[in-house]
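Q: Please see the structure below; I have some questions.
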Amino acid sequence: MENNPSSSRTDRKTIERNRRNQMKALYSQLNSLVPHQSSREPVLSLPDQLDEAASYIKRLQTNLERMKEKKDNLMGTERTNYASMSSCNGTTTGLRSPQIEVRETGSTLEVVLITGLDGQFMFNETIRVLHEEGAEIINASFSVVEDTVFHTIHSKVGDSAPSNGAARISQRLNQFVQDDNAF
């Protein structure tokens with residue numbers, strides 16, 4: 001077999017042309033992914049397009065990190081104190097034994113229910129018990145601190161409630177929470 005120098009040269013030229021076309025297509029694809037400020041901008045040179053793409057990627061990475069931190073803060077699982085928080089209270093996030101405290105002041109009741117993040121059912125049942133006993137819900141609120149939810153319910157025990165209604169409500173709510181803790 002004979003090596004033809006002109007054939008080798010044309011092969012190299014074809015390979016180089018294909019490589020350049022492929023790079024041009026990749027640059028075009030990269031440039032199409034980067035948002036542009038306005039359509040009136042002059043066409044940027046290739047190095048400027050690459051710089052713009054690199055800075056856009058860095059901005060996206062910064063935004064992603066900031067959003068991850070915000071999510072962690074909102075979820076109450078900040079990485080810096082998560083391990084110490086778990087070892088201090090000995091509980092798993094969201095799994096906390098519910099506690100209830102009922103305070104009676106005249107005809108008003110203040111019910112404070114402390115649960116884990118999974119305690120929505122307990123709150124609903126507390127409201128149900130209050131309604132069954134004839135109490136009128138005046139206000140209900142909650143606040144979340146890390147993996148603990150504090151529910152506060154203000155209610156009024158009216159004339160429609162049976163006699164000694166506040167004591168009965170308190171007893172039923174405490175029994176309900178104790179029964180739930182048994183499981």
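Cβ atoms are placed via backbone N, Cα and C, with glycine included.
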Q: Need the matching range: TrEMBL marks coiled coil on one of 22-49, 50-77, and I'd like to know which.
A: 50-77
Q: Looking only at the domain 'BHLH' (7-60), what are its DSSP counts of helix, strand and coil residues?
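A: For the domain 'BHLH' (7-60), the helix, strand and coil counts are 42 helix, 0 strand, 12 coil.
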